[in-house]
């Protein structure tokens, strides 16, 4: 009697003979190729980068919103801890001490502004009252004497010094300079009808109709986007 190897019950037979789908068996395509693996990793990295980008935008928007909300602000605040910036104007340091958009003020707004030697405000006007209190330093106020004409005209000059105060009539064109070469000019500024809407002039002979409206003003831009109408 010849003894030979009998087909095992576990021998692999063609799937068609067993009545099974060949797709149920492992093939070379089932093993991920290195190129495909690198593509998958690259896609995941792109996805992660997009997620971090979106999160950074959301966090930035949240931070800006918190600066534009009076909710949660302490009643007593230290001025040296308040946000300050020059808003692209060299020589200026501006702090909104109590503002319409940042603190919910309705009738007035208070700023603390410091001008380094030689720096100044633009030539401008606004349809609100404005009061200055000079805390330190000295400088010069330029105030147009003919703002009711077609253009401001030659301004009058007024020296300002520490412990002095002055107010600007509504829509009178004016400018403040730190004309002291050796000391900063620091002033407390109070305006009515906030937020301020400013018309800026290139010089004292520019027609009122050519003055450019800047609204929202630089320190209000992140909190206010829609400008209301204003008239001279």
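In case you wondered, yes, glycine gets a Cβ from its N, Cα and C as well.
TrEMBL labels come from automatic prediction, so no person has curated them.
The DSSP secondary structure for residue 126 (Zn(2+) binding site) is strand. Here TrEMBL flags 124, 126, 130, 174 as Zn(2+) binding site.
Marked as disulfide bond by TrEMBL: 68-223. In the three-state DSSP scheme, residue 68 (disulfide bond) falls into the coil class. Using a 10 Å Cβ-Cβ cutoff, residue 68 (disulfide bond) registers 15 neighbours.
DSSP assigns residue 163 (N-linked glycosylation site) to coil in the three-state reduction, outside any helix or strand. What TrEMBL lists as N-linked glycosylation site is 163.
If you look up TrEMBL, you'll see 45-63 marked as transmembrane segment.
Shown in sequence order, 121, 125, 168, 172, 173, 198 are the same-chain residues outside 124, 126, 130, 174 whose Cβ sits within 8 Å of the Cβ centre of the Zn(2+) site. Within the set of binding-site residues (124, 126, 174), the lowest number of other Cβ atoms found within 10 Å of a Cβ is recorded at 124. Separating the Cα atoms of residue 223 (disulfide bond) and residue 124 (Zn(2+) binding site) is a whole-number distance of 22 Å. Cα of residue 174 (Zn(2+) binding site) to Cα of residue 163 (N-linked glycosylation site): a distance of 20 Å.
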